[in-house]
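In Swiss-Prot this protein carries:
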ACT_SITE  D63  active site
ACT_SITE  E135  active site
BINDING   E59, D132, E135  Mg(2+) binding site
DOMAIN    18-146  domain 'RNase III'
DOMAIN    173-242  domain 'DRBM'
Amino acid sequence: MKKKSSDFCLCNERKSQLSKFLENLSIDFSNFDLLNTALCHSSYSNELDQKSSNNERLEFLGDSVLNLIITDHLYKTYPNKSEGELSKARSYIVSEDSLSNIAREINLGSYILLGRGEESNDGRNKKGILADAIEAFVGAIYLDSGFSRATEFVVGLFDMYIRLMFNRGDFKDYKSLLQEYVQKKYKISPSYKLDKEIGPDHDKVFCVELYVGENFISNGKGKSKKEAEMRAAEVALKAMENINL
């Protein structure tokens with residue numbers, strides 16, 4: 001049965017869902033209709049015969065805003081890096097793999113409106129849909145709150161990944177690579193468990209364990225939980241082919 005056009009309206013239940021999403025990210029948003037559009041995939045709007053009421057235009061805008069923010073941040077934060085290094089870093093950061101991983105970190109997929117076909121085909125976990133949605137979300141933040149607020153949001157999400165890249169000397173997103181490998185081979189997702197925290201609050205080290213199903217695979221340490229998870233994923237990915245689960 002075809003959806004009614006009224007299904008696209010921002011009902012109280014949907015607004016409550018979006019409010020929870022924003023609360024988790026500590027973001028204020030004025031225009032909830034704009035936010036709702038940013039999280040509406042074309043498969044959903046097509047079922048309503050409202051083909052323009054989806055996130056494609058916001059994705060177009062957000063792509064440019066995101067690139068400018070990342071370029072500006074890299075240029076100002078890493079004055080000793082060459083143009084080639086900065087270009088390589090930017091390409092990695094705004095890649096589909098990196099954007100989809102960031103989207104998973106903030107649970108963005110749970111709030112995307114999808115058509116029945118994409119819903120049944122696990123669209124919430126598709127890298128392309130997630131990457132497009134986070135670009136549209138950045139575009140919506142820019143329109144709603146301005147460039148400064150969009151910059152604060154983007155840098156807050158990506159800064160840890162950028163620092164890890166330069167510290168390691170490579171540009172691989174091990175969490176995304178591991179996620180893809182495990183899902184393809186075992187049809188499940190890896191999980192991360194905080195094992196312990198070491199040291200005082202001003203110099204804390206987080207220790208994380210990585211599991212595939214019930215099987216312990218690796219651990220990692222870092223100055224943040226995300227950094228520890230990335231390091232655990234790096235160890236796991238390099239060892240995975242030698243592990244018989």
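The backbone N, Cα and C atoms fix where each Cβ goes, and this holds for glycine too.
Positions of the features from Swiss-Prot, shown on the structure.
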| residue | record | Cβ within 10 Å |
| --- | --- | --- |
| E59 | Mg(2+) binding site | 21 |
| D63 | active site | 18 |
| D132 | Mg(2+) binding site | 26 |
| E135 | active site | 25 |
Residue distribution over DSSP helix, strand and coil in the domain 'DRBM' (173-242): 34 helix, 25 strand, 11 coil
Distance from D63 (active site) back to D132 (Mg(2+) binding site), taken between C-alpha atoms, in Å: 8
Inter-residue Cα distance where the pair is E135 (active site) and D63 (active site), in Å: 5
E59, D132, E135 excluded, remaining Cβ within 8 Å of their centroid (Mg(2+)): N55, E56, L58, F60, G62, D63, A131, A133, I134, A136, G139
Residues in the domain 'RNase III' (18-146) grouped by DSSP into helix, strand and remaining coil: 95 helix, 2 strand, 32 coil
Integer Å distance between the CA atoms belonging to E59 (Mg(2+) binding site) and E135 (active site): 5
